[in-house]
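Enquirer: Below is one structure. I have some questions about it.
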Amino acid sequence: MAHVRNKKSDDKKAMVVAKEDTNKSESEGVTKLQTYLKTIPIAKKKFAKLPKRKKSPTSAELLLIDPRYSASKEGPLGLGPIVLPFVQRFNNIDGFMTLYVAAVLIHGALFAVVDMTLNIYQVQFSLTRTEWYLMDFSDYIASFVVAIIIAHFGSKGNRTRWIAASCILMGLESMLFAFPFFTYEIIIPGRQSIELCMEENEKRNIICGNSVPNRSKCIYFHIAGQCIHGIAGMPIYILGITFIFDHIPTSSCGFYLAIGHSAYLIGYLLGMVGGLQNFQPPPKEKTVEIEPAKVYQLLQSGWWKTFLIIAAISFCVSFMMVCFPTSLPGAHKLRLAKRKEPPTIDRRLKDMKIQPHLKGFLHNIWHILKNPLMLTQAICKVSEYLTFNTSLYFLPHHLQTQFLITPGIASLLTGAFVLPGGIIGHFLGGLIVDRLEMTNKNKLKFTLVTTVVSVGLFLLIFFVECQTTTFAGINEDYDGYGQLGNLTADCNEYCDCTTSLYTSICGRDEKEYFSPCFAGCKATKVSQTEKTYYNCSCIKEGLAASDDEGQFIDAIAGTCDSDCLKLPLFFAFYFSATVFSNMCSIPVISIILQSVPANFTSLSLGVTYAIVKFVASVPAPLLFRLSSAIACIYWDNNRCGGKERCWIYNKNILVYEFMGIWMSSQLIIVLLNIYAIQIHDVVVHGEITESKTTVKDVKEQKERKA
């Protein structure tokens, strides 16, 4: 019995131990299961029929569940299932920046080459104002239309694929621009670059308006290409910038943004250098080998080859760009680290999220526009654009009137100083912000200081001036045989000269003439690397020097020497002013990105670029056109009866217009940044409300004591 009892007790103990082991294993299993369930995203917990939390999520939770910042979006570098291990070293922000800079360079270079082809169309087709406006500004109009739409929908998906699509569009538009130069006759061969006073001038063929073959087709192709160009730029400058901002620490954003923005101007400069090569005349050996009717193909071959090269590079960049994932490795961790940084956004936007429906979308745009920090910096971006384009538009005219430089050289000098000044300004501004790790308020102060310095340097250039030379037909009446404001006089009336060719010459009488034809010159040759002119009927005074063959020289190519040595000083001041005026660009962009929540960055940039492109497409062209009309003294009236361009300006009026528009744009930046500095703490922290309450409490305490 005792043995049986002991056996039963042992069995009972064994059952208890087994039960305890079973409970222990079950508890461990539950513990493991609970630990495993905690790693499942919230979206998948619904399928486990777990109770839903009725409490509304906080802004931090909204940020974590946003699929754009989810760690699950971080993937390898590859094309779908094709993932190569040895290329994963490029799956970082530096690898993306390499391709991004290439895309921006292509966009800038294409913009420069298109501007040059527009000048060809203007000369060859005698464009009307409406045609010229549509061909020049249709890209801005297209950008204005699609900027906010691309910012809204592009931020929800894979932004690198949007940029890859932009590269494909740039390739397609390059082919559109190349097609007219490959197919149609645009550049008419045999046109004189320097016109002399000859009887043949009366017999030349004059083709006007729609009588030019394939004129309308070329214009339509150009406008279509410009529209695609404007659309292609928005994903690059909106989604690309936000992608960079999301994958770098806030303290380092200035350096990366500076590289991206400087690349656009570098691309434009490279496009100018490459496009100028196409203006060089082909060798005589090649022109002799082909038929005269096909000479235009040789003249135009450089242009369509340039466009096709750009298209090939664009397609290559798009193929590599599409391999990047939605988020680079480490993006989610970086986003969590940014949450711990001091607040910089408008406190009213703290818990907002983008609504999917139209009403909510418009409501979000309205709230962004109500953000004073974002709105002031968006207007600063507009003013920065006006400042830069004022330089590009007015500086060549100022150099022509003030320093008597020919239009071609004035345009080259403008590009040689303004574009590098903009590049250096963009890069220095971003580098200084990056190295000093400025807060938003300090960035506002930095923008204010650099703008004030640029205004001071700009004022100095107007103390640099030269004496105006005598110009026949403009401020001199051909020794009494002509009228002021009329280039035609008795001495050149029979020459039938055209004002479409502005090739100024300096006569031995120390007077400047619009062209050899208006000086009545009948012969020319190159003497000691200098073009000289002979038998000029309008030049009757002055000492005549002889050339190597004993013939008396009446005039030489170029403007008359005014003994003005102040041009280097002028460019020193102007280059410095350009650098300082562009140093505010990167701080402005970074403030726009940091003054809104992370899920609003693309939309805020979209609103900013929509404002900039609208001003660039409507008010700015009207302003520049009106100011040009007011200051113009002599227009180019073509043989078809239309005004094409202004050749000569009133010096004083042009200076006042140049100074007024440039300084007004900079002063707007100064005033807006002073205002933004004053309200920064209020917008971010809400200190005015607290201070008002404190003052009220102090008054109540004084009244109680009284």
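Here the Cβ of each residue, glycine as well, is placed from N, Cα and C on the backbone.
Keep in mind that what you see is a predicted model, and the values were worked out from it rather than measured.
Swiss-Prot feature annotations, pasted as is:
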type: COMPBIAS; residues: 7-24; note: compositional bias 'Basic and acidic residues'
type: DISULFID; residues: Cys491-Cys521; note: disulfide bond
type: DISULFID; residues: Cys497-Cys517; note: disulfide bond
type: DISULFID; residues: Cys506-Cys538; note: disulfide bond
type: DOMAIN; residues: 485-540; note: domain 'Kazal-like'
type: CARBOHYD; residues: Asn214; note: N-linked glycosylation site
type: CARBOHYD; residues: Asn486; note: N-linked glycosylation site
type: CARBOHYD; residues: Asn535; note: N-linked glycosylation site
type: REGION; residues: 1-24; note: region 'Disordered'
type: TOPO_DOM; residues: 1-94; note: topological domain 'Cytoplasmic'
type: TOPO_DOM; residues: 119-130; note: topological domain 'Extracellular'
type: TOPO_DOM; residues: 152-159; note: topological domain 'Cytoplasmic'
type: TOPO_DOM; residues: 181-218; note: topological domain 'Extracellular'
type: TOPO_DOM; residues: 242-253; note: topological domain 'Cytoplasmic'
type: TOPO_DOM; residues: 278-301; note: topological domain 'Extracellular'
type: TOPO_DOM; residues: 325-374; note: topological domain 'Cytoplasmic'
type: TOPO_DOM; residues: 397-410; note: topological domain 'Extracellular'
type: TOPO_DOM; residues: 433-445; note: topological domain 'Cytoplasmic'
type: TOPO_DOM; residues: 467-565; note: topological domain 'Extracellular'
type: TOPO_DOM; residues: 590-604; note: topological domain 'Cytoplasmic'
type: TOPO_DOM; residues: 676-706; note: topological domain 'Cytoplasmic'
type: TRANSMEM; residues: 95-118; note: transmembrane segment
type: TRANSMEM; residues: 131-151; note: transmembrane segment
type: TRANSMEM; residues: 160-180; note: transmembrane segment
type: TRANSMEM; residues: 219-241; note: transmembrane segment
type: TRANSMEM; residues: 254-277; note: transmembrane segment
type: TRANSMEM; residues: 302-324; note: transmembrane segment
type: TRANSMEM; residues: 375-396; note: transmembrane segment
type: TRANSMEM; residues: 411-432; note: transmembrane segment
type: TRANSMEM; residues: 446-466; note: transmembrane segment
type: TRANSMEM; residues: 566-589; note: transmembrane segment
type: TRANSMEM; residues: 605-624; note: transmembrane segment
type: TRANSMEM; residues: 653-675; note: transmembrane segment
Enquirer: Considering only Cβ pairs within less than 8 angstroms, which of the stretches 95-118, 131-151, 302-324, 653-675 has the most against the transmembrane segment (605-624)?
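Expert: Result: 131-151.
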Enquirer: List, by number or range, the same-chain residues at least 6 past the transmembrane segment (95-118) whose CB is under 8 A from its CB atoms?
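Expert: Result: 77, 89, 132, 135-136, 139, 160, 163, 166-167, 170, 173-174, 177, 181, 222, 225-226, 229, 232-233, 236, 240, 243-244, 247, 256, 259-260, 263-272, 274-276, 278-279, 303, 306-307, 310, 313-314, 317, 320-321, 324, 328.
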Enquirer: Express the predicted model's confidence over the domain 'Kazal-like' (485-540) as a mean pLDDT, rounded to an integer.
Expert: 86
Enquirer: Mind pulling out the one from 131-151, 302-324, 411-432, 446-466 with the most Cβ pairs under 8 angstroms to the transmembrane segment (254-277)?
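Expert: It is 411-432, which has the most Cβ pairs under 8 Å.
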Enquirer: Cβ under 8 Å to the transmembrane segment (411-432), counting only same-chain residues 6 or more beyond its ends: which ones?
Expert: 254-259, 261-262, 265-266, 268-269, 272, 388, 391-392, 395-396, 399, 405, 446, 450, 571, 574-575, 578-587
Enquirer: Give the sequence-ordered list of residues that share a chain with Cys491 (disulfide bond), lie 6 or more positions from it, and have CB atoms under 8 Å from its CB.
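Expert: Those within reach of Cys491 (disulfide bond), by Cβ under 8 Å and sequence separation of 6 or more, are Tyr478, Tyr481, Gly482, Gly520, Ser537, Cys538.
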Enquirer: Under a criterion of three or more Cβ pairs within a distance under 8 Å and sequence separation of at least 6, are the transmembrane segment (375-396) and the transmembrane segment (219-241) in contact?
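Expert: These two stretches do not touch.
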Enquirer: Just to be sure I understand, if DSSP states are collapsed into helix, strand and coil, how many residues of the domain 'Kazal-like' (485-540) fall in each?
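Expert: Across the domain 'Kazal-like' (485-540), the residues distribute as 3 helix, 15 strand, 38 coil.
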Enquirer: Just to be sure I understand, if DSSP states are collapsed into helix, strand and coil, how many residues of the topological domain 'Extracellular' (278-301) fall in each?
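Expert: Each residue of the topological domain 'Extracellular' (278-301) counted once, the result is 18 helix, 0 strand, 6 coil.
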Enquirer: For the disulfide-bonded residues listed here (Cys497, Cys521, Cys538), tell me which residue's CB has the most neighbouring CB atoms inside 10 Å.
Expert: Cys521
Enquirer: Spatially, and counting Cα to Cα, which of the disulfide-bonded residues is closest to Asn214 (N-linked glycosylation site)? Options: Cys506, Cys517, Cys521.
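Expert: Comparing Cα positions, the candidate nearest Asn214 (N-linked glycosylation site) turns out to be Cys517.
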Enquirer: Sort out for me which one of Cys506, Cys517 has the most neighbouring CB atoms within 10 A, since those are the disulfide-bonded residues we care about.
Expert: Cys517
Enquirer: Asn535 (N-linked glycosylation site) has how many other Cβ neighbours within 10 Å of its own Cβ?
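Expert: Other Cβ atoms found within 10 Å: 15.
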